[in-house]
Amino acid sequence: MIQTDTATLMILVTGNIPCVTTVNPFLACSLMPIKDSANVSVGTLRSWTTLCAIAETLGVRIKTMMANKTLSSQNDIMIKILWDFYNSFHGSNKDYLLIILYVPTVLVGVIANIFVIIVVCKYHLKSVTNYFVINLSMADLLVATICMPMTISQEISMSWNHSEFLCKLTSYLQSVGVTASIYTIMAMSIDRYLAIRNPMILRYICSHKNIILVIVSIWLASMAFFITIYGAMRLQDPMTEVINKALDLASENFTHNSISPTPPGFNMCIEDFMSLGIRRDVFGSIYFVFSTAIPCLVVLLAYSMIGFTLWSKKPPFDYDNRESVSSRQSSKLRHERKRVALILLFLAILFALCWMPYNIAKFFIDLDVIGPSTSTNNTLKYFLFLGHANSALNPVVYCWMTRGFRQKLVKILCCISTNLSHLLRRVN
């Protein structure tokens, strides 16, 4: 019989390692530190912290149980640990506020972005800006239909109840969608700068064919870069890890056939860059630079130059038509360009306000500047919600700030209402 002394058992239960340095102290004997192995994905970071807190609580309970000899054997103690571990984790408090916030956000994000695409396509609003607006709506629709529902599901169950393919796909599409959005906004800022500063150059560079090529390039580059995320995501069953370690450290008779049933397993969706031979801090730094820092700097520079040009005394216009354009037409053109620039600037600022907190926090976590903790995870999940909410806010803001777009949207809604009324009359 393999003897398991009290000290060894306590290491199994508590890990004797701080929560901030391991994926889960309850699994400290079998799992490597988080900075050297697996970085928990956003949706499961809170769950790992829950495991950490549960492990500490169980450690105190086991000390009391062994001191009072409440159970007759170490095997009984071990199986009690496993069931307490399972029940405590799945019985931990859910964040109902976050769930309540997500549900209307998903509905608005899906419906509003679909309407944006319908309006632009139905009324053939084929300006360069509207090509980018459609692309932005497609990226937002991707986040609203796939990423947000998965986040809600995981918040409800506390574990990952879907396939490993969806584990990989959800994180991959979120990264692709967000990056496509920021680079679309960057392309829009460059387009607006050229439209205001060099209209003649814009005519040759920003043709419809070239704009479509730019949009396709944005998606292809985003998908190619984040294929690493797809490869790094995998499922891990912490319950199986605990049971296996219990079998290793307990008596020879501690088997599935000779003891009470062990708890069922449950999966968590994690990032494991080490399996790909990639350091998490290196990938996190590259991600932050190319998906956040560079696009934001380009947007800031472009709109700064746009502002300087538009609010100068003599803004440039199309040189060939400058003499033929009346003063009134010139003023109207200037006002229209200001209006479009302000709308797109507002969308850029909104994107930065929504996604910058999460991206910066995730960057610091990747660099191990911030360690996993309950407060960190609770903050991070709301930062992620703020980023997701951007996908619902973009179409609402664009509709609110664009009068012509609002008018066309009202026409479509009236048409839908009329058709529904006729349909109901026929049914009745």
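Cβ coordinates come from backbone N, Cα and C, glycine included.
Note that TrEMBL annotation is computational and uncurated.
The feature transmembrane segment is assigned by TrEMBL to 96-120, 132-152, 172-190, 211-233, 286-311, 340-360, 380-401. Look at TrEMBL and you will find 112-398 tagged as domain 'G-protein coupled receptors family 1 profile'.
Taking Cβ pairs closer than 8 Å, the transmembrane segment (380-401) reaches residues 42-43, 45-46, 95, 98, 101-102, 105-106, 108-109, 112-113, 115-116, 133, 136-137, 139-141, 143-144, 147-148, 151, 155, 177-178, 181, 342-343, 346-347, 350-351, 354-355, 357-359, 361-362, 365, 409 in its own chain, all 6 or more past its ends. Taking pairs at least six residues apart, the transmembrane segment (172-190) and the transmembrane segment (96-120) share fewer than three Cβ pairs below 8 Å and do not count as touching. Non-local neighbours of the transmembrane segment (340-360) in the same chain are 129, 136, 178, 181-182, 185, 188-189, 192, 195-196, 288, 291-292, 296, 299, 303, 306-307, 310, 380, 383-384, 386-387, 389-390, 393-394, 397-398, 401-402; each lies 6+ residues outside the stretch with a CB under 8 Å from one of its CB atoms.
Residues of the same chain lying 6 or more positions beyond the ends of the transmembrane segment (211-233) and with a Cβ under 8 Å from any Cβ of it are 41, 128, 131-132, 135, 164, 167-169, 171-172, 175-176, 179-180, 183-184, 187, 269-273, 275-276, 278, 283, 290.
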